[in-house]
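J.: Have a look at the structure that comes next, please.
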């Protein structure tokens, strides 16, 4: 019998990771960007500031995301019809994390860490570059047209910039995510952890389509999720009186 619970398998660790990741990412990006600008905010996007700030923020949050995503992936591949024997299944996200550390050591929980770091550094550089440039151009056009609905315009721009940023993130790094998932769910402890070797194997067997497995659902989720994140971030900054140029 189909169970709704199965659709949310591994969700606990994923939600916790996303909460920590979002707050860390936006905070690190904002502060690093301000530091690289010398404390002076500039209206026009500066790639020499945006890219390193975003990549640095992505690298830091990868240490939070790697273990939570490992647990999520391992929880999701097991189920009532799974090939995973019942004796090896996990009863909860915590049980998965504890058993992983017990069987593979502390480094086991960070399996796929290098791939996660690459995905987050490159992906967030693309995400924030897209966000900043699209935002700049949309606000430039919006300022040229007087409006009594500035707050609604800001929210609309946030939705567009966040959504497009999220889509560009995954278009750029989905192959790395595919490699990360394969590395983290590989039952062989001595399996390759080199993302480029893994992707080479995937490409040989499935071509470019194999490297972009799950593109449709990922992009469909990315637009609204990142649009909501950006709108929330911008509203929070506005409420706190923090200027965002």
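Including glycine, each Cβ sits where the backbone N, Cα and C put it.
Here TrEMBL flags 45-137, 153-239 as repeat 'Solcar'. Annotation comment: TrEMBL describes 7-29, 49-66 as transmembrane segment.
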J.: Report, as numbers and ranges, every residue of the chain located at least six residues beyond the transmembrane segment (49-66) whose Cβ falls under 8 Å of a Cβ in that stretch; write 'none' if there are none.
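T.: Contacts of the transmembrane segment (49-66) (Cβ under 8 Å, skipping residues fewer than 6 from its ends): 17, 20-21, 24-26, 28-29, 32-33, 36-37, 42, 109-113, 116-117, 119-125, 127-129, 132.
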J.: Let me know the model's mean pLDDT on the repeat 'Solcar' (153-239).
T.: 94
